[in-house]
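K.L.:
To start, I am sharing the structure in question, which I have written as structure tokens.
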Amino acid sequence: MALTADGSEQKELTQTPLLKIWVPWMGCNLNRRRGSSVPQFCNSPTMIVMVGLPARGKTYISKKLTRYLNWIGVPTKMFNVGQYRREAVKIYKNFEFFKQDNEEAMNIRKACAAAALKDVTAYFTKEQGQVAVFDATNTTCERRAIILNFAKEKGYKVFFVESICEDPEIIAENIKQVKFGSPDYVDRDIEEAMEDFVQRIECYRASYTSIDDDKDRKLSYIKIFDVGSRYLVNQVQDHIQSRIVYYLMNIHVTPRSIYLTRHGESELNLLGRIGGDSGLSPRGQKYANALAIFIKSQNIKDLKVWTSHMKRTIQTAEALGVQYEQWKALNEIDAGVCEELTYEEIQRDFPSEFALRDQDKYRYRYPKGESYEDMVHRLEPVIMELERQENVLVICHQAIMRCLLAYFLDKPGDELPYLRCPLHTTLKLTPVAYGCKVEPFFLNIEAVNTHRERPVK
Amino acid sequence: MMRGCSSSRTKLTQNQDRTVCMTNCPTLIVTVGLPARGKTYISKKLTRYLNWIDVPTREFNVGQYRREFVKIYKSFEFFRPDNEEGLSIRRQCASAALNDVRQYLTEEGGQVAVFDATNTTRERRETIIQFAEQNGFKVFFVESVCEDPDVIQENIVQVKLESPDYTNCNTEEAVKDFMMRIQCYENSYETLDEVLDRDLSYIKIMDVGQRFLVNRVLDHIQSRIVYYLMNIHITPRSIYLCRHGESELNVKGRIGGDSGLTPRGKEFAKKLTQFIQKQDISDLKVWTSQMKRTIQTAEALGVPYEQWKVLNEIDAGVCEEMMYEEIQESYSLEFALRDQDKYRYRYPKGESYEDLVQRLEPVIMELERQENVLVICHQAVMRCLLAYFLDKTAVELPYLKCPLHTVLKLTPVAYGCKVESICLNVEAVNTHRERPENVDVSRMSEEALLTVPAHQ
């Protein structure tokens, strides 16, 4: 028996049944780690603090960033101080609330910020949160100093994200897209709301101090100018901040649509077998043709088409008659020893594996195969490139499509593996306001159902 | 990047508009900055990274062209702004370099060219921009700005003293001359300006990565370049690469699988622990794959370690756990194809080295961010990582020697990487299979199996 560095006997390793991770003994720490296929590199909790005048996209960025971080396995939560204010002051009258000299309002606003910070602490200490996005204007040095002191006391890292924009068109568009729908303006007509909001912005402008590149040179921050045409990045401290910067530098607000579809029905689909690399069935081929017609009818400008390296997605793309790119990262989940088996055969030959999978379908890894969690990590470059691109059609597979859809629709790990992605249906995703509009298009070609529901315990 | 792309490069349509360029047109990266600001360091590193991720890239160092033209460097006077002859020669050298850039990008299949020179005046940069427009290249500037005298001094000591320009000078003379050289550029230096240059695509690196200004990133490759540049650092550190200890399947001559360590493998784990302790490394991070043999090796160290699934050994698909002899028997065609192009060959239902490089990219990115790291991995994986650090080509990569029970200590120095190979003196099988002479699909079994290493 070999000895470890401290002279104790080296135990034999065992593999955890669900995640298939080798651990020194069953109850050890490694077993309970999240994001098992890629190390998290997250030691102290991080506060991302937004900075900027109203209508500069802070909440848009906050929500998107939160969605992205959660998807890649970093528990993140957003704290919108405006929400706290709406709960404290049930009815919003008008912009006068935000006037610099409105002492009563100032006190309420300070209390709301403090309440939000308190919730941030609770999130980190009681809910195992890793990142908190503090979404407010934070436009004065004073307010930012309070946050920095708070973070210092608790041992949290701080990363500022400031959005600076003076393009009147962009600001007007922002106001239209998200402010009119706000609870604050529910009883106003558009002109009134616009007028009031513009005054609201003015209330902040006089006391707005941008992060100072000289005085604040020790702080960690990114300044985003004009919706991403320019960035200033200062003192990136660690891995997660580096990933955040990379993400923020790749997103854009140009209107576009993303089309997600699976390959046409395959031979193995017909046989009820999972995985493999079979070709299209006759109905699958019909779908490919129907897809070509559908895509043409959508009249999409500069459409990019992506497929996996597997025969069935490539055959589907071929019917479109346009150029397409193949990504290995879009290959279907590797079912390891269960490749090309039917569910009945898996139940027969690997009953415990089958049961484990139903217990935690997101983290369950097939023996010699992958888990949904593993797939999310290999899809991250695909998501990053989807963010950069404009109109894209992704022809992929069931598990892959579930992962991508979960990213766009902000679905958590326990819902992701049960999202419905039927064959012969294209989903058109269009970013709108803070989220994503989904339009399903069933192209009227019959296909088998490959969806297995979460079994009732 | 997208591997196995079926889209080919599209032609540029000539257009007055600076911004029109198809996504696949070649990119010209142009460095900007005073001497001793790390331009060549960045150029070489970036070139190495891009080539590793399969983007054909080459650097063109104008100083090299100047050294070939003006055989003997006398003194900084050559660089004086009033030295007409010097200026003329330098202009010619820049032109010659641009000419070679054009050839590389249009005729030799290059995707990115790194034009490494000071390019400190707007005039010079405008010339380059026009050149790029005429040829349909995108331009991305990388400016390095630094006024920290310690950093500049260190740069000069690390790379300038070794330069051919100063072979016959002593250290003091060389430093003095180089300082004067920098001064020659200072007066005419026009840094990239937020307003005047607002339409250009660039990254300004300030104080060795404390701060970055990024403007108008146009496409995927520029975005990757920015991400890379923002993650590298120059803090001295070492990276230790080694394989797991000898495994059960190793001794049987079988590839892949997920077996445990042999007694000799466990002995190696012990010796590794002693070695690491003796090295007295500050804040060492230890990384393993998620396979039993690397984890067993790390466990012996008695320190926390991180498991990366992407460090798992290459997936040999249908050939998993087979001996080479068995592969030759059942898949002789595959075996021959692999010998023909070991880098791109993908095992049926498995992976290729090319696939490995793609999945290892986040590891490389994180290795760049980190300081002292020990990576306990596998033969094919170690070859890929080593190829990145030592700038090996795709042809060389699958045949790099990474024997069991040997630790490679990589220390960045000057423009490259010092490698120390430390054999920990524990016997192990040899798992290295050289490329056999006959790679033809019609070859005999014996010819295919000629280079298979001995096993049980």
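The backbone N, Cα and C atoms fix where each Cβ goes, and this holds for glycine too.
Curation plays no part in TrEMBL annotations; they are all automatic predictions.
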K.L.:
Let me know which member of B:R181, B:R198, B:R293 TrEMBL also records as binding substrate at the site of B:R243, B:H244, B:G245, B:E246, B:S247, B:E248, B:L249, B:N250.
P.N.:
B:R293
K.L.:
Where does B:H244 (active site, tele-phosphohistidine intermediate) sit in DSSP terms: helix, strand, or coil?
P.N.:
coil
K.L.:
If you draw a 10 Å sphere around the Cβ of B:L249 (substrate binding site), how many other Cβ atoms fall inside it, taking every protein chain shown into account?
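P.N.:
Taking all protein chains shown, B:L249 (substrate binding site) has 21 Cβ neighbours within 10 Å.
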K.L.:
Hey, how far is B:L249 (substrate binding site) from B:E313 (active site, proton donor/acceptor), Cα to Cα, in Å?
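P.N.:
Between the alpha carbons of B:L249 (substrate binding site) and B:E313 (active site, proton donor/acceptor) there are 13 Å.
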K.L.:
To the nearest Å, how far is the Cα of B:G245 (substrate binding site) from the Cα of B:E313 (active site, proton donor/acceptor)?
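P.N.:
Given the Cα positions, B:G245 (substrate binding site) is 14 Å from B:E313 (active site, proton donor/acceptor).
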K.L.:
To the nearest whole angstrom, what is the C-alpha distance linking B:E313 (active site, proton donor/acceptor) and B:R243 (substrate binding site)?
P.N.:
10
K.L.:
Using DSSP, would you call B:L249 (substrate binding site) helix, strand or coil?
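P.N.:
Going by the DSSP assignment, B:L249 (substrate binding site) falls within a helical segment, counted as helix.
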